[in-house]
Amino acid sequence: MKSDIEIDHSIKALPITEIGKQIGLSDSQLIPYGHDKAKIDAYSIANMPRQGKLVLVTSINPTPAGEGKTTVTIGLVDAINRLGKSAIGALREPSMGPVFGLKGGATGGGYAQVIPMEDINLHFTGDIHAVSAAHNLLAAVIDNHLHQGNELKIDPENIYWRRVLDMNDRALRQITLGKGRVNGPERNSGFDITASSEIMAVLTLSKNLFDLKKRLSRIVVALDVQGKPVTVADLKVAGALTAILKDAINPNLVQSLEHSPFIIHGGPFANIAQGTNSVVATDAALKLADFAVTEAGFGSDLGGEKFMDVKVPVLGKEPDAVVIVATVKALKFHGGVALDHLSDKNVDAVRNGLDNLNRHLEAMTHYGKPVVVALNKFLDDDMEEIQLIKNFVEGEKKLQFEIVTSFVDGFEGSLDLAKKVIEATDNQRFFMPLYQADDSIENKIQTIVEKIYGGKDFELSDRAKKDLAEVKENGWGKLPVVIAKTPNSLTDDSKIHGAPTGFTIHIRRFIPKIGAGFIVAMAGKVLMMPGLGKNPAAEKIDVDENGKISGLS
């Protein structure tokens with residue numbers, strides 16, 4: 001079979017204006033970035049009514065290679081369109097860090113891809129660069145304020161705002177700023193990856209440009225010497241940050257290999273942020289099609305939970321159905337099989353791994369919406385193992401199950417899934433929030449630990465206790481909680497797989513993200529700046545004399 005990038009190069013994209021016309025957008029409502037991608041003028045569709053149903057795609061805890069959520073999402077959108085309905089995919093923008101690191105690209109795979117995959121995976125329309133620029137302008141303003149006399153009496157030991165870079169670079173996690181007599185006060189700081197920036201979270205949760213500016217204004221960058229918050233509004237740079245982001249607020253329109261419309265916008269990671277695409281993009285998809293199909297990062301314990309508890313209240317629309325993606329390989333992995341033996345037949349390991357799938361099914365059914373299981377089939381999967389999974393889902397759990405082969409078969413590999421998803425969205429059920437908005441932060445964390453992770457309780461480090469006291473003192477104690485933890489486990493220990501019980505989640509810090517509107521609880525050893533592996537994906541990427549890129553996947 002051809003590589004992803006070879007398949008991409010074999011398909012001629014339609015002019016992006018043609019894709020716009022498919023969903024009722026005139027040329028004047030598009031801001032082209034070349035011939036195959038464009039921004040949608042969000043203001044031009046602001047007053048349109050929503051007409052679509054919302055489908056959320058999430059997964060079980062993934063293997064390091066991922067479960068193929070994006071591939072399944074793309075195949076599902078293509079299939080719904082082939083069935084005579086209109087569907088738009090709403091995806092996150094890939095970060096270049098993982099593209100050059102372990103994961104590779106994030107535009108689907110095989111015959112279920114969005115294009116142009118090189119552009120989307122690399123610079124795209126510049127949104128992530130804009131977030132980096134805005135974030136680092138704010139960092140520069142903070143250090144300049146310290147250098148110019150510190151009128152706001154910022155406590156240098158209580159500055160939350162670090163710098164960001166859209167790259168995996170562990171060497172920048174801890175740095176010293178201001179070395180040298182004329183370079184400002186010396187202090188310890190560091191870099192995080194851009195996807196973890198609060199400005200990325202703000203961009204993805206803002207409803208329009210006015211909301212964006214308002215949220216930017218209330219970002220808390222530090223505490224002063226009396227323990228009071230210092231905000232962007234105090235530093236008088238909300239307007240400057242908004243100016244950098246004024247085009248980035250508009251969502252990006254591209255197409256699949258099958259010429260289905262996709263809106264790709266925003267890219268926060270689900271393990272260190274809320275892990276969803278933008279409210280603006282999802283809202284646009286709901287206005288322009290019968291079905292808006294979106295995904296949330298990593299497993300349902302991370303992106304799925306945060307979509308329901310953080311994004312849904314802002315979007316004002318809950319999913320009409322949830323698709324949980326699983327693979328035979330991941331179930332073997334959670335059943336105790338080593339990574340280099342996942343292709344070996346092992347029915348017992350699959351049976352043991354069903355506990356992990358079951359935990360994710362229980363987590364999503366807490367919200368009351370219909371759940372469909374999509375098994376992303378690999379060529380070497382054994383049918384006995386697949387039948388075991390099917391029997392568990394349909395027999396024991398009484399849920400819909402379908403095999404997906406979009407990677408090899410394109411839209412045809414998702415037609416049966418599409419039929420079941422469409423049927424599921426007709427099954428109207430009340431949405432049940434996991435917790436009440438006015439619950440305490442402690443109660444929210446305990447609820448997530450018990451009902452989503454399947455754990456027993458949580459404990460706070462001394463630093464976390466101090467952080468929580470500051471959060472409550474400043475009146476932020478009722479905000480939603482985003483737990484930052486490993487995606488590889490239901491616990492905060494990446495080495496513990498399957499579906500353990502009786503465990504404790506260890507919260508080491510609380511970080512207020514007041515512009516975004518939530519509090520981040522840092523659990524375990526999760527890092528805000530990833531590192532590269534021994535053999536990063538960057539080693540496989542090349543460009544020929546004609547400018548054609550190879551090695552992206």
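Using N, Cα and C of the backbone, Cβ positions are placed for all residues, glycine too.
Feature list (source: Swiss-Prot):
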- Thr63, Pro64, Ala65, Gly66, Glu67, Gly68, Lys69, Thr70: ATP binding site (BINDING)
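A Cβ within 8 Å of the Cβ centre of Thr63, Pro64, Ala65, Gly66, Glu67, Gly68, Lys69, Thr70, the residues given for ATP, is found for these other residues of the same chain: Ser59, Pro62, Thr327, Ala330. Counting neighbouring Cβ atoms within 10 Å of each of the binding-site residues (Pro64, Gly66, Gly68), the lowest count belongs to Pro64.
Residues within less than 8 Å, Cβ to Cβ, of Ala65 (ATP binding site) and separated from it by at least 6 positions along the same chain comprise Lys329. Of the listed binding-site residues, namely Thr63, Thr70, the sparsest CB environment within 10 A is found at Thr63. Counting Cβ atoms from all protein chains shown, Lys69 (ATP binding site) has 26 others lying within 10 Å of its own Cβ. In this structure, Lys69 (ATP binding site) is part of a helix by DSSP.
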